[in-house]
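Q: Sharing a structure with you now.
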Amino acid sequence: MKLHLYFARRFLWFFFGILTIFGLFQGLLDLVEEMRHAGDDMTLGQTVALVGLKLPEGLYEVMPLVMILATVAMFLGLARSSELVATRAAGRSGLTALASPVAVAFAIGLIIVAVMNPIVAGTSKRYADLRETWKSGNTSALSLGPEGLWLRQGGEDGQSVITATRANPEATELYDVSIVVYAPEGGPKTRILAASASLEEGAWILTDAKAWPLESGLSPELGARLHPRYELPSTLTRESIRDRFGRPSAVPIWDLPRFISGLDEAGFSARRHVVWYNMELARPLFFVAMVLVGAAFTMQPTRLGRTGLAVLSAVMLGFGLYYVRSFAQIMGENGQLAPVLAAWVPPTASVLLALGLVLHMEDG
């Protein structure tokens, strides 16, 4: 038991050490990037706040790499200090040293999915909101419900509330559109109904639109006008809508089942979110695969040489498995694979492949 706890502590030490290094490096890169694109009115404190909100998402994405590097560093250290040799001499298999890191990696994966995932979703959403507010001075919001899509956009001319019964997966093409335009003072100014709306550069392009003025003292119907093509100015971009609507990572995993049900009820495709949900559930298994890959190439005594080649092989195989996982995700989102297969087959196959390598290296 003491041996397992010792190996677990060693693994956690390397894991948090490498994670800290990645965090510092990521923070510096994000700070430089945010300062390059900072608006004239943005302060240094606001820039640092944006970096702090963006950092969790960056660390979340590199977690598999941190896992494999921590494993490589741990087993290289054990091999150099001959602790693996002593473990084998005591009658313990080299797999004994691997049991603790595997268990710790699986536990870290569970904690990351259960705790860090909602944190990343919240900070990334807050980052997008503050970045838009501080850099352009405008705010927008987007939500879904059984009645369809609801969108609010802001600008110098006031707020606009847009509702639509249907939309494309990116929410940049809306159908059966209803819009209420508010004056800067807050009162409703115009009501618009349109067959469809398409987001172009700087404006929504409405087709077959009818606009009613809502100014006091005027009859809305008498002032109504038909427009085969109508432009409604907008500060929204495809990227900002995609960040709020198309990115499943912006929804906490605990809210994803309800969000997916809302998409289905509103008639939108939830395939991307279903794939992402299953991939998050399979994340701990993929972390286990990364540990096994790192151990397979670095559990041999350093006197055998070729340490650099072993480290390079472990990292390259880890990148290859990560690429296969990402490729399966894309195929699942495009409907070429079932969501469950796209999410669970790559990590399961990675674990079996890495376990085979470990057994081959350990027992020949």
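Including glycine, each Cβ sits where the backbone N, Cα and C put it.
A quick note: this is a predicted structure, and the numbers were derived from the prediction, not measured.
According to TrEMBL, the record shows the following:
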TRANSMEM  12-32  transmembrane segment
TRANSMEM  59-78  transmembrane segment
TRANSMEM  98-121  transmembrane segment
TRANSMEM  281-299  transmembrane segment
TRANSMEM  305-324  transmembrane segment
TRANSMEM  336-359  transmembrane segment
Q: Determine which residues of the chain contact the transmembrane segment (59-78) at the Cβ level, with the cut-off under 8 Å and only residues 6 or more beyond its ends counted.
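A: That would be 7, 10-11, 14-15, 17-19, 22-23, 26, 84, 97, 101, 105, 108, 112, 116-117, 120, 286-287, 290-291, 293-295, 297-299, 302, 307, 311, 314-315, 318, 322.
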Q: Take a look at 98-121, 281-299, 305-324 and tell me which one has the most Cβ pairs under 8 Å to the transmembrane segment (336-359).
A: 281-299
Q: Sequence-remote contacts (6 or more beyond its ends) of the transmembrane segment (98-121), Cβ cut-off under 8 Å?
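A: For the transmembrane segment (98-121), the sequence-distant neighbours (Cβ-Cβ under 8 Å, at least 6 residues beyond its ends) are 4-8, 11-12, 15, 56-57, 60, 63, 67, 71, 74, 249-254, 280-281, 283-288, 290-292, 295, 299, 358.
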